[in-house]
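Some features that Swiss-Prot has for this protein:
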{"type": "TRANSIT", "residues": "1-19", "note": "transit peptide"}
{"type": "BINDING", "residues": "Cys334, Cys340, Cys351, Cys408", "note": "[4Fe-4S] cluster binding site"}
Amino acid sequence: MATARTPRFLLLFCRSCRSLRGPQSRAYAALVPGVSQVDNGSDFLGKKPHRKHPGILHLPHVQLPQALADAAQLMLFERPMRSVEKQVQALTNYLWSRHLPVEPEELQRRAAYLEKKFLEKQDSAPTEEKLREAVLHALRKTTYHWQELSYSEELSLIYMAARLDGGFAAVFRAFHEIQARIPEFRPQTLMDFGSGTGSVAWAAHRTWGQSLREYVCVDSSAAMLGLAEKLLKGGSESGKPCIPGVFFRQFLPVSPKVQFDVVVSAYALSELPSRADRIEVIQNLWRKTSHFLVLVENGTKAGHRLLMDARNLVLGEKEKSPLDLRPSFVFAPCPHELPCPQLNASKSLACSFSQAYHPIPFNWNKKPKEEIFSMVILARGSPKEANRWPRITQPVLKRPRHVHCHLCCPDGHMQHAVVTARRHGRDLYRCARVSSWGDLLPVIAPSEFPPSSPDEEPPEN
């Protein structure tokens with residue numbers, strides 16, 4: 001049989017590709033000098049496939065409990081409103097783009113800076129009144145105008161249609177982190193600050209079931225509390241609660257001695273009017289925490305920075321509580337108690353995660369969605385109890401024979417790790433390949449991980 005000859009130029013091209021590929025792969029692998037083997041302390045390699053390694057924490061599409069979805073649909077259909085879809089989209093966009101209120105000290109600093117700039121540009125000194133008007137005009141144009149949201153019955157329904165499913169998905173993912181890593185933890189009491197639609201109670205009930213005997217839902221809005229209670233009763237005021245032991249309050253419990261196994265604040269800290277209010281609430285929530293304090297906010301820079309402020313505040317409160325002397329540590333997502341490397345980077349990024357979910361099946365809500373959120377879970381006890389595997393902070397890029405993982409490491413540095421089977425072993429390579437954004441990578445990490453330089457990062461393709 002006659003065989004076709006390969007053109008000479010094609011042979012030369014293939015040889016050149018091979019010569020380029022070898023050194024490049026070695027350069028990729030060299031980016032993770034300290035990651036050399038899987039941490040198989042729990043002997044999972046002999047019991048589970050790689051796709052089920054103990055660092056896997058991501059969830060498939062989350063779906064609301066059917067009773068909750070049915071109740072939400074019933075309540076919205078019972079009260080027809082004009083342009084519901086447009087109102088839902090407008091509120092969703094507004095809440096996502098919301099910033100924290102500007103503190104008075106920052107406002108004064110900006111005003112002084114603008115006044116100085118105006119005076120430098122003027123040939124003759126303006127009158128005090130004109131200067132004041134110019135500064136105020138510039139401040140209005142450049143400063144975020146924060147307004148407190150006041151929830152009426154109608155706005156509460158719009159909020160339910162906009163945020164019930166996404167909020168449930170984010171909180172359920174946070175609870176799953178605790179349940180997956182400490183399956184023996186069986187909480188009996190839970191408090192939810194800024195409870196809104198009550199999605200936290202539903203997510204907790206799905207996670208821990210009948211072990212929870214008391215849920216205290218705290219929200220300043222009477223309309224929102226009424227909506228949450230109605231959802232709990234299947235959409236009617238006279239129905240039987242789907243979850244027993246749920247109590248609704250407008251104020252936090254007064255007694256400092258009352259503690260709850262799990263305390264939650266989901267998308268509520270960002271609604272407080274000042275930094276002083278946030279500090280007071282966070283300290284109060286931590287005093288009421290017996291085991292875990294779960295904080296969730298939007299996956300934006302503002303949401304992430306707010307959570308890092310709360311994290312640093314609680315970690316700085318060590319040995320200051322006269323009622324509970326157990327120290328605090330970060331359970332998730334950080335594998336350390338050091339300053340956040342995402343905030344300290346030259347180009348700061350939000351440490352956020354993604355959870356896919358099936359939305360409530362309204363007419364405009366048919367496609368699966370993703371909730372982008374930031375979270376921090378603080379716990380009482382010794383940091384030695386925590387798992388210190390690196391956290392995957394971005395989507396994993398799977399390429400031929402190598403995997404890109406962006407890791408937050410136990411030494412407080414970010415690392416762009418490119419894992420190969422040849423350099424790091426088949427087990428670690430396969431664990432990395434089946435891991436996703438938000439998972440832990442089960443590796444024996446070095447005590448000191450050098451921070452990655454932007455110049456060292458290989459191309460993604």
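Cβ coordinates come from backbone N, Cα and C, glycine included.
Everything Swiss-Prot records as a feature, shown here on the structure.
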residue	record	DSSP class
Cys334	[4Fe-4S] cluster binding site	coil
Cys340	[4Fe-4S] cluster binding site	coil
Cys351	[4Fe-4S] cluster binding site	coil
Cys408	[4Fe-4S] cluster binding site	strand
Next on the checklist: Quick check: which same-chain residues outside Cys334, Cys340, Cys351, Cys408 lie with their CB within 8 A of the centre of the [4Fe-4S] cluster site CB atoms?
Outcome noted: Met308, Pro333, His336, Pro341, Gln342, Arg391, Thr393
Item to check | Under 8 Å by Cβ from Cys408 ([4Fe-4S] cluster binding site), same chain, sequence gap 6 or more | outcome: Pro333, Cys334, Pro335, His336, Pro341, Gln342, Cys351, Pro390, Arg391, Thr393, Met414
Next on the checklist: Below 8 Å Cβ to Cβ and six or more residues apart, same chain only. Which residues does that give for Cys340 ([4Fe-4S] cluster binding site)?
Outcome noted: His304, Met308, Arg311, Cys334, Cys351
Item to check | CB contacts for Cys334 ([4Fe-4S] cluster binding site) [other CB atoms within 10 A, all chains] | outcome: 24
Checklist entry - When a 10 Å sphere is centred on the Cβ of Cys351 ([4Fe-4S] cluster binding site), how many other Cβ atoms does it contain? => result 26
